[in-house]
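Record features, source TrEMBL:
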type: DOMAIN; residues: 15-82; note: domain 'Release factor glutamine methyltransferase N-terminal'
type: DOMAIN; residues: 121-200; note: domain 'Methyltransferase small'
type: BINDING; residues: GLY131, THR132, GLY133, SER134, GLY135, GLU154, ASN196; note: S-adenosyl-L-methionine binding site
type: BINDING; residues: ASN196, PRO197, PRO198, TYR199; note: substrate binding site
Amino acid sequence: MTTSSPGTAGDLGSALAAAAAELAAAGVPAPRVDAELLAAHLLGCSRGRVRALAFTDAPVPAGYADLVRERARRIPLQHLTGRAAFRHLELAVGPGVFVPRPETETVAQLAIDAARARLAADGTVRVVDLGTGSGAIAAAVAEEVPEAEVTAVELSDLALAWAERNLEPRGVRLVHADLRTALPDEDGRYDVVVSNPPYIPAAAVPNEPEAADHDPKMALYGGGEDGLALPHAAAATAARLLRSGGFFVMEHAEVQAQALARHLENAGSWLDVRGHEDLNGRPRATSAVKE
Ligand SMILES: C[S@@+](CC[C@H](N)C(=O)[O-])C[C@H]1O[C@@H](n2cnc3c(N)ncnc32)[C@H](O)[C@@H]1O
């Protein structure tokens with residue numbers, strides 16, 4: 001790449017093309033998008049603005065080549081920019097915390113819909129997010145259902161520090177606890193429990209280096225050969241925390257959909273067990289209503 005000189009006049013268009021080629025060669029899945037987003041980050045503008053600037057004599061921002069090189073080493077884009085988009089939010093993220101994924105936006109939507117329904121019926125609603133990571137789901141609920149009382153539970157010290165940055169300004173209560181035993185004095189007090197727990201089976205290492213090398217192991221592996229130990233624990237905690245008629249929704253892998261539905265049906269605490277598809281039509285979440 002020849003884009004490292006700061007403020008090279010008229011080079012932005014060709015620097016973007018060169019960066020996209022370098023990222024493509026490194027196997028980055030959306031190389032042009034990432035090339036534009038890295039430039040947008042350095043210029044402090046939108047990706048759309050970068051695309052417009054590429055047709056002018058705008059200079060290449062200082063440090064661009066270095067960032068592109070880091071991205072080509074498959075450092076997650078969000079660790080380089082320090083931000084992750086989630087629904088309407090831009091969350092602070094970095095090393096030590098799971099980068100929120102687009103499929104989780106659908107899970108957050110189900111929790112938001114349930115919270116809104118409860119609010120309309122009752123005038124109040126209490127929501128808890130188990131294994132909050134960056135705080136993505138809890139922050140989205142707090143932002144989109146401002147009347148909701150939202151609690152977020154997380155065990156990792158590193159993740160907790162990121163969650164604090166995202167949740168404190170939104171008035172979410174953050175609790176440092178194990179989701180298996182969290183909130184022991186609050187049984188039956190919640191209307192909605194939502195979780196994207198770790199669920200990857202021990203032997204299924206993610207293909208993408210961004211996930212395998214940079215997402216915390218504690219955020220990925222669900223425990224047990226099938227990865228279902230923590231999802232089962234999240235369901236048990238949800239059954240304890242929810243009032244009768246309360247709503248539980250949890251993300252999981254496509255291959256776990258049937259086993260989890262069976263688990264909830266056999267647990268004796270749940271009615272109306274339902275599978276939900278993500279935006280690609282894959283069964284990636286299951287919900288149930290507390291008996
Ligand atoms: C897949 S990540 C999801 C993070 C966030 N909810 C999201 O959707 O982006 C799972 C999270 O659960 C946390 N976690 C793992 N084991 C836990 C436990 N026993 N108790 C509480 N949190 C736990 C991890 O640290 C991680 O932040």
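In case you wondered, yes, glycine gets a Cβ from its N, Cα and C as well.
Bear in mind that TrEMBL entries carry predicted annotations, made automatically and left uncurated.
Overlay of TrEMBL annotations on the structure.
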{"residue": "GLY131", "record": "S-adenosyl-L-methionine binding site", "DSSP (3 states)": "coil"}
{"residue": "GLU154", "record": "S-adenosyl-L-methionine binding site", "DSSP (3 states)": "strand"}
{"residue": "ASN196", "record": "S-adenosyl-L-methionine binding site", "DSSP (3 states)": "coil"}
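When pLDDT is averaged over the domain 'Release factor glutamine methyltransferase N-terminal' (15-82), the result is 97. Between the CA atoms of THR132 (S-adenosyl-L-methionine binding site) and PRO198 (substrate binding site) there is a gap of 11 Å, rounded to the nearest whole number. With GLY131, THR132, GLY133, SER134, GLY135, GLU154, ASN196 listed as the residues that bind S-adenosyl-L-methionine, the site has a largest C-alpha separation of 12 Å.
PRO197 (substrate binding site) sits 6 Å from GLY131 (S-adenosyl-L-methionine binding site), counting Cα to Cα. PRO198 (substrate binding site) is 12 Å away from GLU154 (S-adenosyl-L-methionine binding site) when you measure Cα to Cα. In this structure, GLY131, GLY133, GLU154 are the binding-site residues from GLY131, GLY133, GLY135, GLU154, TYR199 whose C-beta falls under 6 Å of some atom of ligand 1. Within 8 A of the CB centroid of the S-adenosyl-L-methionine site residues GLY131, THR132, GLY133, SER134, GLY135, GLU154, ASN196, the other residues of that chain are VAL97, PHE98, ASP129, ALA136, ILE137, ALA138, ALA152, ALA159, ALA163. Taking a C-beta cut-off of under 8 Å and a sequence gap of six or more, GLY131 (S-adenosyl-L-methionine binding site) has these contacts in its own chain: VAL153, GLU154, LEU155, LEU179, SER195, ASN196, PRO197, PRO198, ALA219, LEU230, ALA234. For the domain 'Release factor glutamine methyltransferase N-terminal' (15-82), the DSSP-based tally of helix, strand and coil residues reads 45 helix, 1 strand, 22 coil. Counting only the Cα atoms, the space from GLY133 (S-adenosyl-L-methionine binding site) to TYR199 (substrate binding site) is about 14 angstrom. Around the Cβ of PRO198 (substrate binding site), 22 further Cβ atoms fall within 10 Å across all displayed protein chains. Using the Cβ center of ASN196, PRO197, PRO198, TYR199 for substrate, the list of other same-chain residues with Cβ within 8 Å runs, in sequence order, GLY131, SER195, ALA219, GLY222, LEU230, PRO231, ALA234, MET250, GLU251, HIS252. Taking each Cβ in turn and tallying the other Cβ atoms within 10 Å, the top scorer among the binding-site residues THR132, SER134, ASN196 is THR132.
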